[in-house]
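Before any comments, here is the structure.
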Amino acid sequence: MVLLAGTGPEGGGARCMTPPPPSPPRGAQVEEDPADYEEFEDFSSLPDTRSIASDDSFYPFEDEEEHGVESAESVPEGVPESVPETATLLRAACANNVGLLRTLVRRGVSVEEAQETDRNGRTGLIVACYHGFVDTVVALAECPHVDVNWQDSEGNTALITAAQAGHAIITNYLLNYFPGLDLERRNAFGFTALMKAAMQGRTDCIRALMLAGADVHARDPRRGMSPQEWATYTGRVDAVRLMQRLLERPCPEQFWEKYRPELPPPPEAARKPAGSKNCLQRLTDCVLSVLTPRSVRGPEDGGVLDHMVRMTTSLYSPAVAIVCQTVCPESPPSVGKRRLAVQEILAARAARGPQAQEEDEVGGAGQRGRTGQEDADSREGSPRAGLPPALGSRGPAAPAPRKASLLPLQRLRRRSVRPGVVVPRVRVSKAPAPTFQPERPARKGSTKDSGHLQIPKWRYKEAKEEKRKAEEAEKKRQAEAQKERRTAPWKKRT
């Protein structure tokens, strides 16, 4: 898991503070100065609040939400924006000018402008995928006229270009947020995106394409070789091992909603008692364990390390549930199964209607209630998938833009303890002066009339204390009497 933290508006979160004023004298009434505290209600301005939790699922930045969802409100009508006359969508994409690109998209782009190509027949999306311009690809996703399956003069699409170049983030973004993407589109030589990634040894792109449903058994028309055979032919050992591993275990079971983080049952060999082996077998096992180096053994399938990886990468893991959100926990990715884009999944749920969504939620709640208290506690803070009720009321007739799937985090937290959006208010106090001495509260002489609890007094302790005081008084009286008897007679006469 890779976290890419963005820089804050003040340079990595550094905050310049003025030196604190001198501390007031003791005993003086001190009033709270509003300048001594800073209250934060919008956490988007703080540093380290923008992150990409994974390459294939992440929320957009705040400015992307404003441009993608509230574009009509952010740009007033009748106010022209400063855009050069020669600026086009293709030039802005080639120059990686994200600000100009978003401005052009908000103002409206025709089909001819969106499909403008260079001398090699490449559109702005293909150029951005070739150079690895992630922000440009995200900005082009807002344009409704961009053809994701456009082929250049050599027949390469945006997906083939990104997979061949090894841009894993762009490849995952194309697979997740561009509806209608053709995974099996071939170029002029008959190669698919998976074949090109296998030839170049792009393991991250191979994993993303195979889990998205790319055809592993497809063959090119000239040599008739599959992607795995092309990886073997070009000497990509890591790619061959990865593809073989994915074919052996095509579906990650920890991404299922029904997955339980339980230890696997022990194998049959471990269940047999030690006394079932004879002397020769035990001697052979002892010699083999001594002569075999333990460092050579790798992680075993179904072992402790494998179980730890499954638990930490599951949907209900604390490391994943607090930063990631999935829209289809009931259908995890699998090799050979076509995975739909986020917009297509949300459109299918919206077409079912709010009543079907409520039935799914009720059924999921009943299923969660049967899992036990431990599973309920582990899932209490995990984000759940599903369309919010506000989106379900729109109906299938409402046009779903591409950025509509990237919902704000507060709109997806529908199972919170408090209803609605609860924004905490953080109050940060400044550090006092080095010479400041806190004033200690004066102790009260008696606590009889106070509202606090008092220490209980036991009767035997009170009697013991009274007896001790009486003995001390008797000793003092006897000492005074003895002192008077020792006084000289001539002093008494006077």
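Using the three backbone atoms N, Cα and C, a Cβ is placed for every residue, glycine included.
Since the structure is predicted, the reported quantities are computational estimates derived from the model, not experimental observations.
For reference, Swiss-Prot has these:
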REGION    1-80  region 'Disordered'
COMPBIAS  30-42  compositional bias 'Acidic residues'
REPEAT    84-113  repeat 'ANK 1'
REPEAT    120-150  repeat 'ANK 2'
REPEAT    154-183  repeat 'ANK 3'
REPEAT    189-218  repeat 'ANK 4'
REPEAT    223-255  repeat 'ANK 5'
REGION    349-494  region 'Disordered'
COMPBIAS  371-382  compositional bias 'Basic and acidic residues'
MOD_RES   S405  phosphoserine
COMPBIAS  440-451  compositional bias 'Basic and acidic residues'
COMPBIAS  459-487  compositional bias 'Basic and acidic residues'
COILED    459-488  coiled coil
In the repeat 'ANK 1' (84-113), how many residues does DSSP call helix, how many strand, and how many coil? 19 helix, 0 strand, 11 coil
Please give the sequence-distant neighbours of the repeat 'ANK 3' (154-183): residues at least 6 beyond its ends with Cβ less than 8 Å from one of its Cβ atoms. 52, 55-57, 120-121, 123, 125-126, 128-130, 132, 134, 137-138, 141, 148, 189, 191-194, 196-197, 199-200, 202, 204-205, 208-209, 212-215, 338-344, 402, 405-406
Intrachain residues whose Cβ lies under 8 Å of the repeat 'ANK 5' (223-255), provided they are six or more past its termini: 192, 194-195, 197-203, 206-207, 210-211, 216-217, 310-311, 313-315, 326, 329, 332-336
At a C-beta cut-off of under 8 Å, are there same-chain residues at least 6 beyond the repeat 'ANK 4' (189-218) that contact it? List them, or none. 55-56, 154-155, 157, 159-160, 162-168, 171-172, 175, 183, 226-228, 230-231, 234, 236, 238-239, 242-243, 246-247, 333-339
Can you break down the repeat 'ANK 2' (120-150) into helix, strand and coil residue counts using DSSP? 15 helix, 0 strand, 16 coil
Kindly report the helix/strand/coil residue split of the repeat 'ANK 4' (189-218) according to DSSP, in that order. 17 helix, 0 strand, 13 coil
As a test of reading the model: what is the averaged pLDDT for the repeat 'ANK 3' (154-183)? 94
Tell me the residue counts in helix, strand and coil for the compositional bias 'Basic and acidic residues' (459-487), as DSSP assigns them. 27 helix, 0 strand, 2 coil
